[in-house]
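Visitor: Feature table excerpt (TrEMBL):
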type     : residues  : note
TRANSMEM : A:29-53   : transmembrane segment
TRANSMEM : A:98-119  : transmembrane segment
TRANSMEM : A:134-155 : transmembrane segment
TRANSMEM : A:176-198 : transmembrane segment
TRANSMEM : A:204-223 : transmembrane segment
TRANSMEM : A:260-278 : transmembrane segment
TRANSMEM : A:290-314 : transmembrane segment
TRANSMEM : A:326-352 : transmembrane segment
Amino acid sequence: MTDQNIFMAISAFLRSFLGPLLGNDLTDMVMYGAGLLGVIIFIFTNAVILVLMERKVAAFMQSRLGPNRVGPWGLLQTVADTLKLLVKEDYKPHKVDTWVWALGPALLFIPAIGAYAVIPFDYQAVPVDLNIGIFYFIAISSLSTLPFLMAGWGSNNKYSLIGGMRSVAQMISYEVPLIFSLIGVIMLVGSLQMSAIVEAQHRIWFVFLQPVAFVIYVIAATAETNRTPFDLVECEGEIIAGPFTEYSGMRWAMFFLAEYANLVAVSAIATTLFLGGWQPLPLPGALGDLMAFIPGWAWFAAKTYFMIFLFMWFRWTFPRFRVDQLMAFGWKVLIPLSLANILVTGVGIYLYRMAIGG
Amino acid sequence: MVNEWIYAGAFYGLAALTLLSAAGVVFLKDIVHSALLLAASFIGVAGIYVLLNADFLAAVQVLIYGGAVAILIAFGVMLTRRPHMKETNANNRWVVWGAFTAAFTFAICGWAIAFTQFKPIDATPAQVTAIDGIATQLLGDFVVPFEAAALLLTVALIGAIILAKGAKEA
């Protein structure tokens with residue numbers, strides 16, 4: 001485990017540069033601003049990569065041609081897409097509820113960015129290491145239902161409204177198993193602090209101790225981000241594009257930026273809670289030393305992208321659920337299963353303590 | 001010095017957000033707008049909790065109150081059957097009585113605040129690890145009442161579902 005990493009080096013450099021100029025208080029403020037800017041750049045960079053990656057993965061999964069004309073290997077496809085979105089006409093449909101309609105996509109971005117405040121990107125590289133970290137994440141991500149509903153309601157379109165209503169039903173239902181699946185990990189660690197959760201996986205990743213919770217988390221997170229097979233909010237056969245129907249250009253792009261931001265966030269949380277965060281693969285002997293040589297942020301990025309790839313794999317392999325099946329699956333399968341997981345974890349911890357004579 | 005300015009600015013900003021959106025909840029005619037402003041008001045209160053270093057309370061406020069507004073809007077939209085949403089918040093005929101009650105309440109509160117002897121207290125900051133205390137209390141000392149309350153709520157939930165579905169189907 002290295003005590004020094006790239007984030008700390010950058011932060012120390014900035015501080016040494018700004019400190020004499022601005023004094024302590026202002027430097028702290030500027031550092032917070034720099035952290036926020038870093039997170040926003042991180043989100044946009046990821047979104048740019050993911051727009052391309054989604055199509056490449058789709059092409060790979062379904063053996064068809066992905067983007068391959070714009071630039072080498074189609075790498076500039078995202079640039080072309082962005083340009084197209086920026087120059088599109090920004091129309092406003094007749095009789096929309098103007099403020100609600102216009103604020104929807106903008107507000108959707110706040111919980112998406114806010115969620116990144118507690119994600120530990122590397123050793124001691126957490127924007128804000130709250131001692132209620134994971135609880136904060138749950139609270140802030142519960143807010144992302146409202147903008148969807150605002151977009152659906154404000155658009156003055158019945159399909160959009162149905163989409164908005166479905167997003168409320170779906171996101172609220174699947175939030176319960178999502179939270180319950182995290183409780184197993186929290187019980188093992190005894191802390192809600194993200195850095196403590198990562199430290200606790202020094203020996204063994206929680207995906208091996210909590211496999212059921214991991215599966216429940218992945219399913220519920222897919223539903224929370226409204227991605228296939230749970231994308232009933234926008235499924236084109238039934239309700240066109242749901243809440244996004246009446247948006248164009250940049251407003252429409254905000255929805256997709258937020259979707260990708262959320263996708264990265266839930267993947268990062270899965271990495272932190274189940275895959276050991278920035279910790280290297282715990283292998284014995286020289287192989288372990290070799291693994292520890294790779295920097296923490298690289299481990300974190302690799303694991304996060306593995307999770308993103310998993311979510312994309314789901315999207316292009318599984319057929320879509322029906323709306324009643326979706327609700328029944330959430331309430332009748334996932335919630336009892338996650339409750340059982342909590343019970344088994346509790347009994348397991350009790351037995352373990354008895355075994356080691358505590 | 002700078003920190004105090006920022007703190008004061010944040011407090012007044014959040015207070016303005018909370019109070020203005022609370023006023024909007026009452027005065028707007030459209031029930032969906034009212035509900036959305038209610039969410040803004042709740043989030044403003046959560047921000048004030050953050051300024052007071054009550055992180056846990058703020059997160060609870062956002063999770064429980066902020067999240068629940070979405071359901072409130074869903075019910076509001078489904079249950080109000082008016083052709084125009086602009087008049088879904090019903091008018092109150094008892095404006096005079098309402099104004100009188102509000103003025104009376106305000107007068108009592110003002111009187112209480114004006115005549116209370118506020119004593120300066122020792123400015124010991126609240127415990128940073130308050131959540132540890134909550135955890136041991138809730139899951140250790142008071143685990144049985146906590147579980148009983150949870151069970152009671154589940155029973156009530158199932159009962160509500162059976163009542164809503166109708167006895168014959170259930």
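Cβ coordinates are placed from backbone N, Cα and C, and glycine is handled just like the others.
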Visitor: Applying the under-8 angstroms CB criterion, which one of A:134-155, A:176-198, A:204-223, A:260-278 scores highest with the transmembrane segment (A:290-314)?
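Guide: When the Cβ pairs under 8 Å are tallied, A:260-278 comes out ahead.
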Visitor: Test of understanding: applying the rule of at least three C-beta pairs under 8 Å (pairs 6 or more apart in sequence), is the transmembrane segment (A:29-53) touching the transmembrane segment (A:134-155)?
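Guide: The transmembrane segment (A:29-53) and the transmembrane segment (A:134-155): touching, no.
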Visitor: Please identify the stretch among A:29-53, A:98-119, A:260-278 with the greatest number of Cβ pairs below 8 Å relative to the transmembrane segment (A:176-198).
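Guide: So the stretch in question is A:260-278.
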Visitor: Who are the chain neighbours of the transmembrane segment (A:98-119) in space, where the CB to CB distance is under 8 Å and they lie at least 6 residues beyond its ends?
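Guide: For the transmembrane segment (A:98-119), the sequence-distant neighbours (Cβ-Cβ under 8 Å, at least 6 residues beyond its ends) are 36, 39-40, 42-43, 92, 126-130, 133-134, 136-137, 140-141, 143-144, 146-148, 150-151, 153-156, 194, 243, 246-247, 251-252, 254-255, 257-258, 261-262, 265, 268-269, 272.
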